[in-house]
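According to TrEMBL, the feature region 'Disordered' maps to 35-66. Look at TrEMBL and you will find 185-277 tagged as domain 'PpiC'.
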């Protein structure tokens, strides 16, 4: 697992991913009826949903056993609703309100906009398949779940930006003041092996210099649990990524493809690194530059997105009924 790539994505999607995960837990893992709204925890009829022939049998089905004692499907569903029900319900209500507001204002998110947002989220991963694999493994999200989240995220941002007026002069000033956000970008695909001592790192470098396979040595000797099993693979990272030691990145940026360096002192210990490849992305220009800068600046001036959600729920008379 590429922990920093995962971290960036989690930060970006944290508000929606946990919600989708909650839905996945309730809907996909539940071995019983599909209408949890009729649950009455503690009554013995927790899973009577009306689609089991009326006898509540699905609620009494075993979901698991421990020491010979059963956990019923009804008990599982009741606990899931208790822990996640409010969160899932709010998301469903917000999405209803977003759809109503989008229809009223004739707003929509295009497939192209979704694709661009997803492409930005996938940066740091080797390819699209790897990104969706990580989303599945770490957050329980299928490809369609991710795209749906992106659609509603972009729709909410569109609504938030409606209240912000910006001139081209404002946008150009923002670009000048934040040139590093829009310029050329260098990414490095690295492997590393982290050891506790400098001497151990030196021994590792000697073995590699003698022709040992980097991935095999990483699995055997690296103390970084996040990357050891994947052969020390860090994936693609920005050459100025703040999550990594500056000295390590500076050294890596001067390597040729396939070259190694070390030992390098890091917060995790002493590292030996190998450059797998480098990728340079051209910066934005023209209309794409103006659009990206305008969006970033507008969102920085707009109300917090959670506040926008609350306003929409109020506007459309959202009521949570128990």
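Using the three backbone atoms N, Cα and C, a Cβ is placed for every residue, glycine included.
The shown structure was predicted, so the numbers you read here are calculated from the model rather than taken from an experiment.
For the domain 'PpiC' (185-277), the DSSP counts in helix, strand and coil order read 31 helix, 33 strand, 29 coil.
Residues belonging to the domain 'PpiC' (185-277) score a mean pLDDT of 92 in the model.
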